[in-house]
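Pulled from TrEMBL:
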DOMAIN    17-262  domain 'NADP-dependent oxidoreductase'
ACT_SITE  Y51  active site, proton donor
SITE      K76  site 'Lowers pKa of active site Tyr'
BINDING   H107  substrate binding site
Amino acid sequence: MPWNDITLNDGRSIPSIGFGTWKMGNGDAPISQVDQAISVGFSHIDTAQAYRNEAEAGTAIRDSGLERKEIFITTKYSGLDGLDIKTSINNSLENLGVEYVDLYLIHHPRLATPDIPTAWREMEDIHAQGLVKSIGVSNFEVADLAILLASAKVKPVVNQILLHPYVYARQLPILEFSKANKIVIEAYSSLIPITSLPNGPVDAPVQSIAARLGVSMDQVLLAWTKAKGAVVLTTSRKKERLLGYLDAGDIELTPEDITSIDVAGARGPPKWYNYHGWGQAALVGAALVIGGVTMGMRMGVGFGFGCYVG
């Protein structure tokens, strides 16, 4: 099946594959890369305050000549410069050059200050004002979602998280909780097993499936992520890879294919990962800087180095 839109719990829909702008920096690079992604068929652009390239993404979107309704724009509240949510969304809208964004996320639960319920009420306020069409979260754990839902008047439509075979078992409770509460999962860094952690247990089943289907390993991993019901966020500077990512929407894995990748992923990353000091301790203590705030991340995000991180 192709990359069909997914219906959100607020009745709106989201393209099931998106182009991410993390690590592109600013200047001409993100403009040309977003422009290229749109030109080959991506209609979902994902950015954030912390990436500092909202203006460049907005330039590429305007230069595409497409109507505003033809592009789904996601950005995130990253606590940049210590600004509050309302000020931040207005700054993002100005940077992007649009009157609204389709999806606005709290980038991490630690940015939900002074607490999650208060921050979520601010998200609900900007939603009611029409500045954002849908609201959601990123990197939230089950406990964080439970706190949010206990007082929310508007449910988050998505939770954007790290998802690839080596963290699937770790993330399964989040996937199950989100499904039970009709919160769509957005997956970032799904290609890590081949881009940053090659020669591990996942390689064998992915290579075998790719050879049988006559496709590439990255396409198999995107098809695996899609099979988990997630919106896929990915990126590349190369046009041919972007075209391949779009083609991956037509790949149908068998239940046996999916299980073989799940089982291999549960065995953990390649041994050299631990040999280089990137073992479990690094996973628990990994840090990500968002909006000038360094935050200790929970196990799983440590696998995000070198790839797209939401």
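Every residue gets a Cβ built from N, Cα and C, even glycine.
Curation plays no part in TrEMBL annotations; they are all automatic predictions.
If you take the Cα of H107 (substrate binding site) and the Cα of K76 (site 'Lowers pKa of active site Tyr'), they are about 6 angstrom apart, rounded to a whole number. For the pair the residue listed as 'active site, proton donor' and K76 (site 'Lowers pKa of active site Tyr'), the C-alpha distance works out to 9 angstrom. Comparing local CB density within 10 A for the recorded positions Y51, K76, H107, the maximum falls on K76. If you average pLDDT over the domain 'NADP-dependent oxidoreductase' (17-262) in this model, you get 95.
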